Every structure is written in C-alpha cells, then in structure tokens.
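Novice: Let me give you the structure first, and then I'll get to my questions.
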Amino acid sequence: MSSKGSVVLAYSGGLDTSCILVWLKEQGYDVIAYLANIGQKEDFEEARKKALKLGAKKVFIEDVSKEFVEEFIWPAVQSSALYEDRYLLGTSLARPCIARKQVEIAQREGAKYVSHGATGKGNDQVRFELTCYSLAPQIKVIAPWRMPEFYNRFKGRNDLMEYAKQHGIPIPVTPKSPWSMDENLMHISYEAGILENPKNQAPPGLYTKTQDPAKAPNTPDVLEIEFKKGVPVKVTNVKDGTTHSTSLDLFMYLNEVAGKHGVGRIDIVENRFIGMKSRGIYETPAGTILYHAHLDIEAFTMDREVRKIKQGLGLKFAELVYTGFWHSPECEFVRHCIDKSQERVEGKVQVSVFKGQVYILGRESPLSLYNEELVSMNVQGDYEPIDATGFININSLRLKEYHRLQSKVTAK
C-alpha cells in the first residue's frame, strides 16, 4: 500500500498513543513520533525505543520546559489567571506550548498531518487543534477518538489492551491507577475512573507532587520572591540562603518547597468548553505560591482603577487560555494590555510556606504607591480630614435620591 503521507503524532509512550501509532501505520501513514519534555516524570529514552520498535519513522524528543515557563506560565502569573475562581490552568497552558512544537516539526519534516490522542469529550482536542490551525492553516488533523472507525473499534481500555497484545505493543506491567493523570512542570491533574463520582473523596495515595499537609514539616519555609514587571526573577530561602534566579531553576525550586509543605491541592468541578461539567483534582505547588505573592506585590504597586481593569482582563485571559484561544487576536491583545499593566509591578514579597498554606509576611518595592506618612493614624501628612466631609456628602447624594424614590414607591 502506498503511503498517505507523513503524520506527526503527539506521543506519550502510554497505551493510547502507542495503539494510535500502530493504527495510523495500518491506515497507511508514515508516523513521526513527537514527545514533549514539559517537566513530567518520564523515561524519554525508553519511550523513544518503544516508538521506533512500533514502527515510527522518526522520533523527536523536544525539551520545551524553559519556553513553557517563560512564554506561558509567566504571562499567567502576571495576569493572576484563575479559571472559575480556582483552577490555575496547568494543563490549559501546556497544550499550546506542546502543539506549537508539533507544528514546527511537521513543517520541518514536510508532514501534511498531525495527530493526537485527546478524547472527543474533552478540552484538549480543542486546544491542540486551534493552535495547529492558527500556526499552520493548511495542516490536516487526524483525531482518532473522533473517528467512528476508531472509537467503534476501541470502546474502552480492554479493547486497547487486546489490540496491543495482537500487535506486540508492550503493556505496562504495573497496575493502572483507577483514574487518569496528566503531568507537566506546572501541575498534575487526576480525572476519570473512580473520580467521576464527585462524591468520592480522593484516595490517600492519589497525590504525587505534594505531601499530605498534615504530615508536612512542623516548621515553615520562609521565602523572599523578587518580581520585575510582574515576573518572578529571584527566590531566596531566608532560612538557609538558597537562591535561584533563572526561570526554570526558580520554578522547580518553588515546586520542591511547596510540594514538601503540601501546597497547591484543589478538588473541583469545572465547566468544560465543550459544554459538560467534569471533576478534576489538581496539584499546582509553585503556581500557588506565585499566585499569592504576585497578587500581593501587584496590589502594593498598582493604581486602584488600573487594577480593576486588569482584573477583568485577567478573567478574560483565563477563559481564553482554558478554551484554547491562546493564538487568537483577542488573547494577543489581552496579553499586551496585561504586559502594560505590569510595568510598575516590581519588588520583593516574603511568604511563609507551611502545612498546605501560603502566608504573606511582608513586602517592599521602589515603585510602591503606599505612602506610610499619608496613611498613618499618628501623622496628618498632606491630607485635611475636613475634606472627607464633602467627599462623603457628594457620594451620599445618589443614595439619598434612590431611597427618596423608594419611599414614594413603598407608600403607594
């Protein structure tokens, strides 16, 4: 059978994408396997050997950890991005980073197709494909879990296991956890399986990035985090003097400290873009510390009215990232606006990391809008208390008029 052309498969080395690799070959494609090193615990060389053994024409292992931190996580920190008030977007931010490199490989190798193992019910299919179509409008996407000839043949894990046995695909010898996991440098997510019942508590052995807060050390770690233009540039452990100032080292160190103290666990039900609710359990250790520290230095240095506008932009940014529109013109516009808002967000924040919590201890900044003399209860400063009388009178006028009308309506 003549080849239908080359396809770059986002390959993890797991059962699903290993079966997809062989299935794509069955369909007549030359498969190029692509593994993104985005900070997950993975034996990449073993995965390379496995992909080649299964018939991949080429295998690319690309380390995108540094660009993930600097080009995706840092903008999220600047924006204080939270989806539905709780989710720090660990998976959502990783997908455009992974897909961008996939497109680069496809263009470099002259491949007309890309493929992924995302399910037809989730958000990731949208995130991967919107990135691909944005960066390479002519690319063609093969999404097996949306193709009847695939999902009618493989109706569950047992079907995949049987297919693997038939085609010599190595099957994991360790028992599979009764839930699915997805890990990157920023977080790890747990979904599906026994977690689909939202009433079920997370089993004690589920968490892998963070210590049980009840078993965490009995003394806190105190960290000083320095920001410039809203981006963390240095972290110092006040207790032992440990310092990190490169993006990747800084982030990994915060993961280590936060994980040791059980910081960054959430268990939520969220609204998927596709329209259904899903239950997810997430661990985001470093991201949680940075969220709190950045929020504090921002409030210390940013004008009140600018911050109100920026908060709205942060909500929009979170929504766009979650729904896969990283490369949209509106997301580009929002990122530029947030960048502008961060020009004065500079200074140091001290935090205590202890028993699952992040406590702000203090802050300082050369660009602070905080005026100690002006706000002091002991010094009058450049402020006349009598001026507050007129301020209150003017602001009460609207309320007086509203309640005057309400009195008339009530009297009828």
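Just so it is clear, glycine is given a Cβ too, placed from its N, Cα and C backbone atoms.
Pasting the feature list from Swiss-Prot:
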BINDING   10-18, Ala36, 115-123  ATP binding site
BINDING   Tyr87, Ser92, Asn123, Arg127, Ser180, Ser189, Glu270, Tyr282  L-citrulline binding site
BINDING   Thr119, Asn123, Asp124  L-aspartate binding site
MOD_RES   Tyr87  phosphotyrosine
MOD_RES   Lys112  N6-acetyllysine
MOD_RES   Tyr113  phosphotyrosine
MOD_RES   Lys165  N6-acetyllysine
MOD_RES   Lys176  N6-acetyllysine
MOD_RES   Ser177  phosphoserine
MOD_RES   Ser180  phosphoserine
MOD_RES   Thr219  phosphothreonine
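Please situate the listed features within the shown structure.
Specialist: In three-state terms derived from DSSP, Gly13 (ATP binding site) belongs to neither a helical nor a strand segment and is classed as coil.
According to DSSP, Arg127 (L-citrulline binding site) sits within a helical segment. In this view, Arg127 (L-citrulline binding site) is surrounded by 27 other Cβ atoms within 10 Å of its Cβ, with every protein chain counted.
Look at Tyr87 (L-citrulline binding site): DSSP puts it in a strand. Sequence-distant contacts of Tyr87 (L-citrulline binding site), defined by Cβ-Cβ distance under 8 angstroms and a gap of at least six in the same chain, are Ile266, Ile268, Glu270, Gly280, Tyr282, Tyr322.
Annotation note: Lys112 (N6-acetyllysine) sits in a coil segment as assigned by DSSP.
Proximity of Tyr113 (phosphotyrosine) to non-local residues of its own chain (separation of 6 or more, Cβ distance below 8 Å) is seen for Gly5, Ser6, Val7, Val8, Tyr29, Ala106, Ile139, Lys140, Val141, Ile142, given in sequence order.
Reduced to three states, the DSSP call for Lys165 (N6-acetyllysine) is helix. Long-range Cβ proximity for Lys165 (N6-acetyllysine), meaning a same-chain Cβ under 8 A and a gap of 6 or more residues, is found for Ile171.
In sequence order, Gly193, Leu206 make up the list of same-chain residues 6 or more apart from Ser177 (phosphoserine) whose Cβ falls under 8 Å from its Cβ.
The Cβ of Ser180 (L-citrulline binding site) has Tyr190, Glu191, Ala192, Gly193 as same-chain neighbours under 8 Å, each 6 or more residues away in sequence.
In sequence order, Phe354 constitute the residues six or more apart from Thr219 (phosphothreonine) in its chain with CB-CB distances below 8 Å.
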Novice: Around the Cβ of Asp124 (L-aspartate binding site), how many other Cβ atoms lie within 10 Å? Please give the count over every shown protein chain.
Specialist: 20
Novice: Going by C-alpha distance, which of the recorded positions Ser92, Lys112, Arg127, Ser189 is nearest to Gly120 (ATP binding site)?
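Specialist: Minimum Cα distance from Gly120 (ATP binding site) across Ser92, Lys112, Arg127, Ser189 lands on Arg127.
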Novice: What subset of the binding-site residues Ser92, Asp124, Arg127, Ser189 lies within 10 angstroms of Gly117 (ATP binding site) at the C-alpha level?
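Specialist: Correct set: Asp124.
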Novice: Taking the Cβ of Ser92 (L-citrulline binding site) as the centre, how many other Cβ atoms fall within a 10 Å radius?
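Specialist: Within a 10 Å radius of the Cβ of Ser92 (L-citrulline binding site) lie 25 other Cβ atoms.
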Novice: Inside 8 A of the center formed by the CB atoms of Thr119, Asn123, Asp124, which other residues of the chain have their CB, for the recorded L-aspartate site?
Specialist: Ala118, Lys121, Gly122, Gln125, Val126, Arg127, Arg272
Novice: Using only the Cα atoms of Tyr87, Ser92, Asn123, Arg127, Ser180, Ser189, Glu270, Tyr282, which the record gives as binding L-citrulline, return the largest interatomic distance in Å, rounded to a whole number.
Specialist: 19
Novice: If you measure Arg127 (L-citrulline binding site) to Ala36 (ATP binding site) at Cα, how many Å is it?
Specialist: 16
